[in-house]
Amino acid sequence: MNVNQHTPMASPYGQPQPGYGQPTYAPLDGGYPAPYAPYNGPASAYQPGASATRPPDLRTPHPVSAPQPYNQYSPVRWDMQNGPPPMTQAPPSVTAPAVSQPYNQGAMNLSGPHPYPQHYGPPPTMQQVTNQMTGMQIGSGPPTPAGPGYGKYVLSPPSQPPFSSAQMPPTSMAQANHLPPGPQAPQVLQPPRSPGPLQQPPPQPGMPAGYPHSAFGQVRGPQPGYAGPTPVNPTTGPQLDPDAIPSPIQVIEDDKAKCNEPFTTGVRGQAPPLVTTNFQVKDQGNASPRFIRCTAYNMPCTADMAKQSQVPLAAVIKPLATLPPDETPPYLVDHGETGPIRCNRCKAYMCPYMQFIEGGRRFQCGFCSCVTEVPPHYFQHLDHTGKRVDCYDRPELSLGSYEFLATVDYCKNNKLPQPPAFIFLIDVSYNAVKSGMVSIVCQELKTLLDYLPRENPDMDSVVRVGFVTYNKVLHFYNVKGSLAQPQMLVVSDVSDMFVPLLDGFLVNVNDSRLVIESLLDQIPEMFADTRETETVFGPVIQAGLEALKAADCAGKLFVFHTSLPIAEAPGKLKNREDKKLIGTDKEKSLFQPQASFYNSLAKDCVAQGCCVDLFLFPNQYVDVATLGVVPVSTGGSVYKYTYFQAQSDQERFLNDLRRDIQKPVGFDAVMRVRTSTGIRATDFFGSFFMSNTTDVELAGLDCDKAITVEFKHDDKLSEETGALMQCAVLYTSCSGQRRLRIHNMAVNCCSQLADLYRNCETDTIINFFSKYAFRGILNNPTKAVRDTLVNQCAQILACYRKNCASPSSAGQLILPECMKLLPVYLNCVLKSDVLLPGADVSLDDRAYLRQLISCMDVAETHVFFYPRLLPLTKLESGSLPVAVRDSEERLSKGGVYLLETGLHLFLWVGASAQQELLLNIFGTQSFSQIDPATTSLPVLENPFSQRLREIIESFRAQRSRYMKLMVVKQEDRAELIFRHFLVEDKSASGGASYVDFLCHMHKEIRQLLS
């Protein structure tokens, strides 16, 4: 997020708004007057003609003096001619799709051998000019071999004016029109005509009514006085129209419109609605998409086919996900002392994929085909279809998700577990006390102890609690209910940590309430005048771990910590933040932990079922990459409040803490993913520990944590049986009960690539790619990681183009319908702070985001990489305004917009926002009177204010982290932070705009195909 970096701006608001006094210019392209001129992001630092070297290699960044890493995608220029651009252009011819083609096929084309301008070197050759000037056909080509229903998305280049005598004619008519060679009609130049009713594309939601929409592929010239492509140069021709390329908003809205009934999971290989759509799920034998989402719901039958397509085969699993109130949580099945019924060979649990045979006396496993005897107590007769007659009475025979009560055989040391404990470890060094953190935590805990997690809301929680404070030494507290006052015991030998008391450290809240409250009142007073600035960290976690060992239970440590632990102790760290390493081969070392101490400590924590949640309040570098090792390995969370100020950050911190303490959580968990013959789980991403290749160990597993699993072929799959997966999680519930949660998923298998490309989910693919890349930077330079992502994406799209799309000119970019947003979303991953940081993004920020995203589910990665931007001109109760695309070009000076990223909320206020709007939201009519420091909206008695606050609250309720509201006034300094999230534009750190990246992607695909 760039706060300090002022970029030279072309025109900050690239679109004159009708009704706000700006003139609407006649367009340069002979099309229709557009109220929006294209905005091309901040002007770049280099000027044309600055160098007479050869044209740069487009795979490496341009040579620039300013530090601008990775600005390799310049805006596309359609022409290479010298002199002013032609003042008239025939608009593209738009062919209506034939009525017999039920699938939607827009057309989109990026022509020429170099979709990039060459800012350096000699003028282009005549051949280049000729190629750049090729004509443009827009329309639906012949049907794809895949047949109806296989949507594809095609983009074609702009039509050009008639050739003047000074210019070379095209070498062949075929080249000019992208037609296959053969007998052809003479070229006819069509006069401008307006599209007929059939040819007008549907209006894009979120755009003002009456906005003259360009057909796919139509281009707009820059308008006088507004930002054109950079560098600004009189020879610059029209740019690819942002409205002609696939729109995330259009796809999201189309999916919402399609979804008008509950999603039933009974059909194998059926892709669910998108994560951005509200829908109800009815479990009919496969796990709900809230628990499992797949990258492909039609897996390739062979490893060769998977390798050819390069589509990752993965599932994002969120085992303890919370369900909306109108859906039933998984049933708990108790099979008594014998425990759950399982396959003899592969140990898969009883599920709808088991086939009962021999009149119900045996069953054949769907995963490994082994036949197992049915125990007498579980026997039931079969009906005429071969199903058990009690099939629908038993969750494990008819549902995709359910739980089994585990027997003592599934417990550690063959004895039932104790209820878990929560231990609060509070840093009381100078910084912690001075910032107000210590008193806020102590005050809040008095209330929060009544909200510890419980199974039954009417019963008291059985979770026990303990308290420790620390700086260079540790203070343990005896809070036994029989004491009049709490007692402090100090351990100053931090090199050999032990717990100085057994009885009275972990207590039941109700038994010791008065003593605990007395302690929490005293802690802030006791350390109010401390001068101790140094802290330890390793011994703090060791102390909590030893306490859980002594009590023989699992549990969670809540550590509130402020600074780099430099005091002499195990796990002592040094400041290693070195800006000079950014962008070099040594950068990867900064993401690796400094000391192996924390890796072995994490292993010990997992063995005990000790999960660690870390709340950080840093004012400078604290080495999140190292401090986060134990939380990440134990299934815990890291929360970070940089420059914590009680007044402005208290609300966010307390909401995070409340949610963290109250949310459903399992302890001492082990997860295993079994698959049917032909594929196996080979790789795992998330917050956990693995001591072997199959078991994912989680000291704690909460309702927000997702684990991404990658599958590889180890044999052939068959189209008849499909592919099966079963995720089984063994865990201890917060009431101390040992359980097994089972999620089953069946997907189809295909021998045709077209079927694979028809059943993919882009949002899940992006979740996988981001985790794969963010783990990759531990061992590879970030540039290599970015290049790998671009290359794999190009291979996926090139394989589709080569094997599934109908033959057409190489100048056309053809994307599979369900992957047409892959380029825009992938570009957002490439531009993220982790892979392409701005100058002011700290190393700790990047390490924090890297850890955070590793355990996000699909909905969270979606809104993180492509934020939601809502125009707030009209608000109706019951429905949200349709979002607009994440680009500055979509912002109107007269509007107010809400932007949500899952971690931040911004309210952007245009400089000429209507007075009535400001009065409704802020209670003032004047733009200048709005206080940008405000973090909450005033409670006003008008329907607009009420509805806006409702929307903000509903957004917060959907996310696992509390989003602090930031008011951003147009042209204020904070706007640089806001603009960072307008991900379709160029980024200040050198990331490409969507348009430029699409052109770059097209170039990569063409290189692969040639």
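In case you wondered, yes, glycine gets a Cβ from its N, Cα and C as well.
Annotated region 'Disordered' per TrEMBL: 1-75 (among others), in sequence order.
Residues annotated as compositional bias 'Low complexity' in TrEMBL: 12-46.
The region 'Disordered' annotation in TrEMBL covers 134-244 (among others).
Taken from TrEMBL, the feature compositional bias 'Pro residues' covers 192-206.
Annotation source TrEMBL lists domain 'Sec23/Sec24 trunk' at 417-661.
For 666-749, the entry in TrEMBL reads domain 'Sec23/Sec24 beta-sandwich'. Under DSSP, the residues of the domain 'Sec23/Sec24 beta-sandwich' (666-749) split into helix, strand and coil as follows: 0 helix, 54 strand, 30 coil.
The domain 'Sec23/Sec24 helical' annotation in TrEMBL covers 762-861. Averaged across the domain 'Sec23/Sec24 helical' (762-861), pLDDT for the predicted model comes to 95.
If you look up TrEMBL, you'll see 880-952 marked as domain 'Gelsolin-like'.
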Tally of DSSP helical, extended and coil residues in the domain 'Sec23/Sec24 helical' (762-861):
64 helix, 5 strand, 31 coil
Across the domain 'Gelsolin-like' (880-952), what are the DSSP residue counts per state (helix, strand, coil)?
24 helix, 12 strand, 37 coil
